[in-house]
Amino acid sequence: MTTHIHQAWELAKQRFAAVGVDAEAALNQLDRLPVSMHCWQGDDVAGFENPQGQLTGGIQATGNYPGKARNAEELRADLDQALRLIPGPKRLNLHAIYLESDTPVARNEIKPAHFANWVAWARERQLGLDFNPSCFSHPLSADGFTLSHPNPEIRQFWIEHCQASRRVSASFGEQLGTPSVMNIWIPDGMKDTPVDRLAPRRRLLAALDEVIREKLNPAHHIDAVESKLFGIGAESYTVGSNEFYLGYAASRQTALCLDAGHFHPTEVISDKISAAILYVPRLLLHVSRPVRWDSDHVVLLDDETQAIAGEIIRHDLFDRVHIGLDFFDASINRIAAWVIGTRNMKKALLRALLEPTAQLRQLELDGDYTARLALLEEQKSLPWQAVWEMYCERHDTPADAAWLSAVRHYEQHVLSTR
């Protein structure tokens, strides 16, 4: 054990104990909180179905940093490099377009076998897998509609894709012993003002009911639905709005996905967690960083990330909130993006676990808002970094920016050859 990390840890334990916080218990609790890393940061959401195809659906990956993964083997190798630099439990979140097959596979015909290599890889690394149907970057989504499409044949294609995706997801959970959270997001919407806002939503409602009709083992599979305010090319109307999906998740008792970038810039999902959790059994979070719009910048250790973590910890939502990341920055080293964003999410969770919440809650109940504010601010200066370094030490990962050297070495010897 590195001497200075050990010394700082011992002092930090004393400091936190003085305010009623057990730092050792915080580390144990942090090990109960896996963060689901998204595979699509590694290749700018290209996937393996048609890697040279255009990214559609109102989303954009900007930048052209060299070395992006070109196939599944490279993507898994890049993920391995990132995983080595992130302490604690992780999961991997896959989209349907990351299937592997020697021959073309229609999206409504995907099967668990097309993801067998991912399952074997995840099992070897003791990772859970999560899943998503890919309702974008496809000829049948080109006019901006999928599950709400007015053409019943096209709509049925996407229903079948989502049904097939659920079976893939359930196979993940069954094989790996941890439920796969499958999130449905669709890009459906209109660029300009529609006349009929209701009909597409009626179609979406019926389509979703058809998608989830087959009963799957909840120990293997969890359904989630995700709203969005707007996308590029769908600025005026989004079929799957927040109100639509909140109503759907509450009435069908699915999980609700809250994406940090899918609301108006003045809204934050940290404030929505405690409201939505009263009506739905589970929440899926897509922690991201919207800059003026749903830009999916790399997650920072900023106020909103900290507030999201605080809501999970303060309300003991360990088993009801699933933490996922969703960003894709093609302007920087993609492995570094994974490492920075995931470590920041875990740092935020640790800081929340080190908060003297019981004391702060009592001050609030007593109406002593002066002391509440004072202690909230003072606790920000407590030596949480020393606790983080101990956590990294125990998980055999770099405790500080030393991880960047490993990324640079990999970039020089692997990424630069692509």
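Heads up, residue numbers simply count up from 1 along the chain you see.
Every residue gets a Cβ built from N, Cα and C, even glycine.
Feature annotations, courtesy of Swiss-Prot:
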- HIS262, ASP294, ASP296: Mn(2+) binding site (BINDING)
To which of the binding-site residues ASP294, ASP296 does the lowest count of other Cβ atoms within 10 Å belong?
ASP294
Cβ proximity for HIS262 (Mn(2+) binding site), under 8 A, sequence spacing 6+, ordered by residue number, returns GLU226, SER227, LYS228, LEU229, ASN242, HIS286, ASP294
How would DSSP class HIS262 (Mn(2+) binding site) in three states?
coil
